[in-house]
Amino acid sequence: MMNETGSGSESSSSAGGSDSPPKQAVQNAIENRAQREYREEIVKDMAIEKMKENMDKIVTKLTNDIEQKMDIAVDDLFTEVKQFNLKNYELKQLFNEKPRVESSTRGKKGMRSDGKLPEKEFVARNSLLTDLFEVKHIKTIYHIFIVILIILFLNTVVHDFVDTGSINLGFRPIVAGFGKFHIALMLWACMQLSTFLLYPCFRLWASSRRSFRQASGLRRLYDIGALVMFVAYQCAFVVLAIKGLLWFDLPPASSAAYLMEMTRFLMKAHAFIRSTVPRALATDGKKKPDSKPTNPDAHRPLPAFSKYAYFLFAPTLVYRDEYPRTKQIRWRIVARHALEVVGVIFYISFILERFLVPLFEKFGHAKISSGSFVLSLFGSIMPGSLSFLCAFYSLLHAWMNGSAELLRFADRMFYRDWWNESTFAGYIRSWNVVVHDWLYTYVYKDCVENVFRNCRPLATVAVFTVSSVFHELILAFSFRFFYPVMFVQFEFMGLLMMFLTRGMGKDVGNVLLWLMLSIGNGLHLSLYNMEYYARRNCPGIGDSVVDYLVPVSWSCNGISHNPNWTITAPWSME
């Protein structure tokens with residue numbers, strides 16, 4: 001029995017042992033399949049998560065792009081609405097000649113309620129000609145000037161081909177005037193670098209003065225020393241810039257551009273220091289609760305270098321921490337204004353080549369009769385007026401708007417409708433708004449409020465003096481002689497014209513203004529061309545200071561009186 005039982009159990013165990021491998025294999029296969037499916041699910045989940053992340057990135061990018069474009073579109077819409085309102089307001093003033101409405105914060109004679117003169121306000125707006133060119137009738141005048149340029153070019157080519165058998169494209173004044181321009185750029189870079197270095201010096205003064213006790217004599221002495229050093233820096237800046245110009249003997253056009261940039265750097269440096277020094281002085285002082293800042297940026301922290309750097313290139317001479325900005329750069333506008341600047345340079349070159357050089361290139365070779373001098377004077381009035389208009393369009397419209405577009409500077413009121421003015425004072429305020437704003441903010445306003453104590457005539461004289469001195473400085477070192485025609489025009493004739501045209505009617509005043517501008521430009525071009533060619537053609541001109549200051553056009557083969565002039569009655573038939 002036991003043997004039978006044992007044998008049965010062995011048989012059963014042997015049978016069970018023979019069935020276990022297939023079960024184990026099946027179980028392993030199931031587990032492997034489950035693991036594979038699990039891994040596949042994990043891979044699928046990871047792929048889905050990756051796709052979700054990519055989709056989220058795409059959606060986020062599209063959303064940001066759409067939001068950005070919507071912001072630009074909405075901003076452009078509001079800008080257009082604002083400019084439309086401003087445009088309508090200004091055009092109403094242009095066509096209806098309604099007087100400007102003064103702000104409620106201003107009192108008598110433009111004073112604010114706190115007794116201070118109003119500050120310059122920056123607003124996003126177009127230049128006046130930009131808006132006027134949208135009128136097809138005004139645009140036609142622009143096309144007429146282009147046709148005149150083409151005619152001048154053809155006149156130059158045909159005239160020289162018939163006379164000399166060669167073709168002259170009118171490039172000689174450009175080549176002669178803008179020679180050594182690469183050296184002028186090198187000197188300009190040195191001036192730019194020195195202006196950049198002014199900022200760390202200012203920050204060093206602003207931080208180191210805090211180490212002195214407030215209201216102490218040492219701090220006051222330290223501040224006075226810093227002021228003296230800044231004035232010395234400006235004087236050294238002018239002297240070294242002029243020495244560099246004379247050392248490399250830059251031609252007239254390169255010299256004029258270089259000296260204009262020197263003046264711009266001086267005005268920028270003065271504007272930045274004058275606007276930020278009160279903030280540096282107020283950082284450690286106690287602010288009065290009822291005091292109102294005279295500057296929109298007063299009582300703010302000192303500006304960062306990026307704001308200073310932007311101001312150095314921005315088309316304005318009045319410093320602010322922030323300016324109205326556009327959203328994007330319209331490169332087509334930049335290219336068009338650059339082309340206009342180049343076109344105006346050729347325009348003025350053709351005018352010099354065809355009209356002015358033939359009139360004055362003989363001065364100094366032999367005596368000129370008084371009749372020839374009078375003919376030359378009146379012959380230069382029309383070319384002078386045309387050059388005046390071309391220079392205005394090139395510098396104050398094309399160049400300024402092109403630089404403003406590159407820097408996304410939104411306030412582009414670089415000039416007003418000066419051609420409609422009936423008084424010389426209105427013309428001065430409207431002709432060059434950029435320079436006028438600087439003279440008003442940092443010369444006239446400071447003189448009225450701090451120097452002359454509300455004596456506006458003396459402040460006006462100070463403005464004309466500063467303007468005439470720098471104009472004469474640019475011309476004197478550009479042409480290498482001192483001939484104070486510009487100084488007399490600004491300092492004496494300008495002040496006289498301000499009083500003479502004050503009470504005139506609009507039509508009579510406007511005609512007189514244009515007549516005086518035309519005669520003044522013609523006289524200016526005539527006298528400077530006479531002196532320039534007389535110094536080139538007269539032998540034995542020295543290099544002393546006396547030779548530099550005394551004109552030679554009246555002494556070296558100058559003007560001889562013609563005694564044979566007779567006046568014939570117009571009704572005489574003989």
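Glycine too: its Cβ is placed from the backbone N, Cα and C atoms.
Copied from TrEMBL, the annotated features are:
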| type | residues | note |
| --- | --- | --- |
| COMPBIAS | 1-20 | compositional bias 'Low complexity' |
| REGION | 1-33 | region 'Disordered' |
| TRANSMEM | 141-161 | transmembrane segment |
| TRANSMEM | 181-200 | transmembrane segment |
| TRANSMEM | 221-242 | transmembrane segment |
| TRANSMEM | 304-321 | transmembrane segment |
| TRANSMEM | 333-352 | transmembrane segment |
| TRANSMEM | 372-396 | transmembrane segment |
| ACT_SITE | HIS471 | active site |
| TRANSMEM | 481-499 | transmembrane segment |
| TRANSMEM | 511-528 | transmembrane segment |
Long-range neighbours of the transmembrane segment (372-396), counting only residues six or more past its ends (CB under 8 A): 129, 340-341, 344-345, 347-348, 351-352, 355-356, 359-360, 414-415, 431-432, 434, 517-519, 521-526, 529-530, 559
Folded-back contacts onto the transmembrane segment (181-200), same chain, C-beta under 8 angstroms, at least six residues removed: 233, 237, 241, 244-245, 248, 250, 254-255, 257-258, 261-262, 265, 268-269, 272-273, 305, 308-309, 312
Close approaches to the transmembrane segment (221-242) from elsewhere in its chain (Cβ under 8 angstroms; 6 or more beyond its ends): 187, 191, 194, 198, 205, 208-209, 212, 258-259, 262, 265-266, 269-270, 273, 281, 477
Chain residues outside the transmembrane segment (481-499) and at least six past its termini with a C-beta under 8 angstroms from it: 423-425, 428, 460-461, 464-465, 467-469, 471-472, 475, 516, 520, 523-524, 527-528, 531-532, 535, 548-549, 551
Local Cβ density at the residue listed as 'active site' - other Cβ atoms counted within 10 Å: 16
Long-range neighbours of the transmembrane segment (333-352), counting only residues six or more past its ends (CB under 8 A): 149, 152-153, 155-156, 170-174, 383, 386-387, 390-391, 393-394, 397-399, 401-402, 405-406
